[in-house]
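Heads up, the thing below is written out as structure tokens.
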Amino acid sequence: MSAAPRIGILGAGGRMGRTLIQAVQQAGYQLAAAVERPESSLVGTDAGELAGIGSVGVKVSGSLADVLKDCDVIIDFTAPAATAQHLKLCREAGVAMVIGTTGMSDEQKAELDEAATHIPVVYAANYSVGVNVSIKLLELAAKVFGDTVDIEVIEAHHRHKVDAPSGTALMMGEAIADTLGRNLKEVAVYGREGHTGPRDRQTIGFETIRGGDIVGEHTVMFIGEGERVEVTHKATNRMNFAAGAVRAAAWVVGREARKYDMKDVLGLNDVQV
């Protein structure tokens, strides 16, 4: 698409929503809509004022249905139940979506997959370029080490995050498990307590830390005899996630209807490991 995409932001009043508004403006794209819950006191507020960048002439709406006609693509970092409703509306309107909502159930993910047969959808647990490059490195490490190491995933986030492990940690685990030919649901171990017995090398361990204002940190350890390789990504602010999501939004407009991920956006699926 040659013209600047018209982008709508859902959950505009949240931390991520405000950062997304800033990212759209920084990228030089058109902020076409900003949406909050209909009962929110922020409805009617200028979206730019809300995001701390001055007036942009776009008022926060309380209805996605009312603004879809003005948008080429919607960015959704809200909550699973809300995202499910947004998917239905965007599917009916033929509007592309970029979804960063985490904690979705298997049923909700199936609904997303179905919607993606009608509209183009980018779905990723993390839109940071650095995280997605890290995942490519994890695939390489898993391929080289194979079954010769123990694998642990450690993640840390702020005290307000409500799901655990993080979607990014699970995305990393999935990438490793797929590379090794394992089913993550069968081999994942979430935390340990009491007499656990010897570690099964086929398992992939997950540990979660919650506290303070940690934006997001992920470390994957490949632990062998006499050496350990660690791949770590640390986010210091939310702008890297927002900038990646806006990049995905510009990329997905005009694409064929299917589900994409951030590796598609970055061309990483074409990089062989």
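Cβ atoms here come from the backbone N, Cα and C positions, even for glycine.
Take the NAD(+) site that Swiss-Prot assigns to Gly11, Ala12, Gly13, Gly14, Arg15, Met16, Gly100, Thr101, Thr102, Ala124, Ala125, Asn126, Tyr127: the candidate from Glu36, Glu111, Glu114, Glu139 listed for it is Glu36. Geometry remark: Ala124 (NAD(+) binding site) versus His158 ((S)-2,3,4,5-tetrahydrodipicolinate binding site), CA distance 20 Å.
Per the record's binding annotation for NAD(+), residues Gly11, Ala12, Gly13, Gly14, Arg15, Met16, Glu36, Gly100, Thr101, Thr102, Ala124, Ala125, Asn126, Tyr127 show a top Cα-Cα distance of 22 Å. Here Asn126 (NAD(+) binding site) comes close to Gly100, Asn132, Gly167, Thr168, Met171, Gly216, Phe241, Met262: these same-chain residues lie at least six apart in sequence, with C-beta atoms under 8 angstroms from its C-beta.
Sequence-distant neighbours of Gly13 (NAD(+) binding site) (same chain, 6+ residues apart, CB-CB distance under 8 A): Glu36, Ser40, Leu42, Leu50, Val60.
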